[in-house]
Amino acid sequence: MKHCFPLLVFLFLNLHFSANAQIDTAGTDSLRDAALQANVHYLAQLDSAHLGDSLKRVQLESELAALKADDHLKRADLQKQIKVINADAEERILKRAHRIDSLRLVVKGFPVAPFGDTLFYVYTRLGPFSAHARAQAIDTKVNRIVDKVFYKADSLIIINGEESVDLVYEDMIILSITPNDAMWMNASQAELAKQYRDAIIKSIATYKEATSLQTRLKQVGMTLVVVLLAIIIIYLINILYRRVKHFTINRELKYVKGVHIRNYELFSVSTEKRLLLGLLNLLRWITILTLLYLTLPLLFSIFPWTKHFGTTLIGYVINPLKSILVGVWDYMPKLITIIVVVVVFYYVIKALRFFKNEIESGALKIPGFYTDWASPSFQIARVLMLAFMLVVIFPYLPGSDSPVFKGVSVFLGVLFTFGSSGSLSNLMAGFVLTYMRAYKIGDRVKIGEVTGDIVAKTLLVTRIRTIKNEDITIPNSMIMNNHTVNYSSSSQELGLILHTKITIGYDAPWRQIHELLLSAALATEDVLNDPKPFVHQESLDDYYVTYQINVYTNHANSQAHIYSALHQNIQDKFFEAGVEIMSPRYDAIRDGNNAAIPPDYLPEDYVAPGFKVKQTHPTPKGES
């Protein structure tokens, strides 16, 4: 019983869709009836004109018969008029036949199918009854004949009337065949009546045979066999599923080793087993549902009155598949065009990548084009080529002309425009910085207040690592709005000049200070001997002299280490020479002080004068 629920669900959905299909068919039938009515109205106009001409011809023939034998002029005139009327009648008949032939190709009539299978079609109306109403009335009357206990095929006879040929069973007119019906079917009324009579008799015989007790018993037996086979197959599927599940859980499968991506375990063995069991269960239910779906049309096809349900149910699968295949086939020319465009652009981009690699390796040199421009230029060219490729293939994409597709495209464009305004400014700044060649990876730079080495450079941001291993990310638009100092750009060719200051009192000879500073500089690691270091006396302050030592180096990224080593060597050299590194400040009375001049500039007999004390008031008596 647990598998009956899906069967009931399928049956309910099938009946629901069939009811909707009948509603849609009713609307389509109304439109078709209106189209047929319009064409029948045109044919009725031709019939009316034909009837008028027939009456006029009869009148003219009566006048012609009443003429005297010697009235030749009148006779010739009447004969001419009759000839014109006959010619017009023949022309109208040809127009009528041609119109019906053309309509027969595009307009489908209403089927007469009392037992499911179509016997024939009704195209024209009869009096107040439309073609659709006539077809339904014929279905009803044929069903009444079948319901009669003592049905006899010989009782269905053909009766010729004045305007129509009637098909009558006992005292009930089954259908009437008009000249319009005969014209539609390109046959005479009598021939058409015989065809319809034979079709009705054959369908009634087939229906009675199909609904006999013996046939019903066979149909019930076939139904039981189909249901039993379905149950057996479902039972076998469940047994197979349980065995495979038991084998998977209790055995170590050599193919189940987990899923690893390098050192990362995506799925463990237990997880992979659970995934396999889930897939097996899904496969089991897909198989069972497919079996039930295929069993229903087979069951419906056993009974004549439910055969159309089976056809409809199969159509739910076949028709979408057919539409998909037809759509794919119709789309093949556009798909081939897209493939050709993609292949062409692929090889163009591949050629650009080849030239990019050649420029980067130095094999290809273009005057004025630097090697570090190769990669960003290739990226720009590739983006432009891909954008152009999308523009070319866009009209060939399925649904590109639909309003929904266009609306989504506009929405994404607006979203991208407003959401990436800041990113676009950074992107443009990245392009400008690339071709400015302001810096490259590994350079020691100072951007604003940030100093460090360039560790990453993209079209959006630049990443700097300071000497304290701090990674600082700066948007390219901010770099464009600040000044940038590059310490490494000319360090290899000209050498980067590092400088530091020291203040020494006036009593120290400046030549000795120069020698000590130069010797300390040359003793510092990573300082170049050529060009040689040099000293500037930067200022003569109130109490001391400011000396500036300048050194050349090729190692711009080691500034902190070089400065530290240089300061250490300055201390060592000055201490070895007995020169104090200090900036003296004097608070003295000049009369008793030594002169603040180096000893070499003083005379050999120079003696510092003593303090002079002058008494301005006499000393009182009794005091010494």
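Here, residue 1 is simply the first one shown, and the rest follow in order.
Every residue gets a Cβ built from N, Cα and C, even glycine.
Unlike curated entries, TrEMBL annotations are predicted automatically.
Some features that TrEMBL has for this protein:
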type	residues	note
DOMAIN	423-488	domain 'Mechanosensitive ion channel MscS'
DOMAIN	500-581	domain 'Mechanosensitive ion channel MscS C-terminal'
SIGNAL	1-21	signal peptide
TRANSMEM	220-241	transmembrane segment
TRANSMEM	282-303	transmembrane segment
TRANSMEM	331-349	transmembrane segment
TRANSMEM	380-398	transmembrane segment
TRANSMEM	410-436	transmembrane segment
Checklist entry - Which residues, given as numbers and ranges, are at least 6 beyond the ends of the transmembrane segment (331-349) yet have a Cβ under 8 Å from it? => result 381-382, 385-386, 388-389, 392-393, 396-398
Next on the checklist: Can you break down the domain 'Mechanosensitive ion channel MscS C-terminal' (500-581) into helix, strand and coil residue counts using DSSP?
Outcome noted: 35 helix, 23 strand, 24 coil
Checklist entry - When the pLDDT values for the domain 'Mechanosensitive ion channel MscS C-terminal' (500-581) are averaged, what is the result? => result 93
